[in-house]
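The 4-amino-2-methyl-5-(diphosphooxymethyl)pyrimidine binding site feature in Swiss-Prot is assigned to Gln40, Phe41, Arg42, Glu43, Lys44, Asn75, Ser113, Lys142. Swiss-Prot lists Asp76, Asp95 with the feature Mg(2+) binding site, giving sequence analysis as the kind of evidence.
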Amino acid sequence: MFNSSSLNVYFICGTQDVPEGKDIREILKQALEAGITLFQFREKGPTSLDGVEKEHLAIDLLKLCHDYQVPFIVNDDVDLAEKINADGIHVGQDDENVKSFAERFKDKIIGLSIGNEKEYYHSDLEHVDYIGVGPMFATISKNDANAPVGPSMIATLKNINPSLPMVAIGGITEDNIEPIAQNGADGVSVISAIARSHNIDKTVTKMKSYFK
């Protein structure tokens, strides 16, 4: 059964997010040692890997996560997630309906991106373990990100469905988490804040401190 505490510090990363000269495996290892609670492999963009290279990297990262008993989630790529037996899948509003994923992913974690109340009410949540709500703030990590909805969107959706685990996403740094936690989020999902941190251990520790 999915535990909402897995969302406390949710790291999302692909090779396109890693600073030049750094290796994603080493960054993930540092993040795991620092105490991240969930990892999502999101390999997207003009410089990203595909095919066999992407699959081999995914397997390396999956093994790393399992060494630390941290769930490994794949973004969007259902075929890859199935092939490597990932712990779950995260899908967006533009993807095929969630029910079809659930049928292929029995006993796996399924996450869904939701940006506002309208998307919430139009989403099939029966098979969803958690939702990613955002963007909270303006973000540089996603070129196609929508306008920020702010931390209050978490409170709005929690009022509608208090038992549904929710993780905040978009433009989050270690310095703007407090209002997110105050509005009832179960955790934060970040890309650049960890991938480009000068001290990953310190960054993750500070993030975790808001969700004790």
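Cβ coordinates come from backbone N, Cα and C, glycine included.
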Where does Lys44 (4-amino-2-methyl-5-(diphosphooxymethyl)pyrimidine binding site) sit in the DSSP three-state scheme?
coil
Cα distance, Asp76 (Mg(2+) binding site) to Ser113 (4-amino-2-methyl-5-(diphosphooxymethyl)pyrimidine binding site), nearest Å?
11
Neighbour count (Cβ, 10 Å) for Asn75 (4-amino-2-methyl-5-(diphosphooxymethyl)pyrimidine binding site):
20
Report, in whole Å, the straight Cα-to-Cα distance of Asp76 (Mg(2+) binding site) from Arg42 (4-amino-2-methyl-5-(diphosphooxymethyl)pyrimidine binding site).
8
If one looks at the chain holding Glu43 (4-amino-2-methyl-5-(diphosphooxymethyl)pyrimidine binding site), which residues at least 6 apart in sequence have a CB under 8 angstroms from its CB?
Gly14, Thr15, Gln16, Leu49, Asp50, Lys54, Leu57, Ala58, Asn75, Asp77
How many Å lie between the Cα of Phe41 (4-amino-2-methyl-5-(diphosphooxymethyl)pyrimidine binding site) and the Cα of Asp76 (Mg(2+) binding site)?
9
Chain-internal residues near Gln40 (4-amino-2-methyl-5-(diphosphooxymethyl)pyrimidine binding site), provided their CB is under 8 angstroms and they sit 6+ positions away:
Tyr10, Phe11, Ile12, Cys13, Ile73, Val74, Asn75, His90, Gly111, Ser189
Lys44 (4-amino-2-methyl-5-(diphosphooxymethyl)pyrimidine binding site) to Asp76 (Mg(2+) binding site) - Cα separation in whole Å:
10
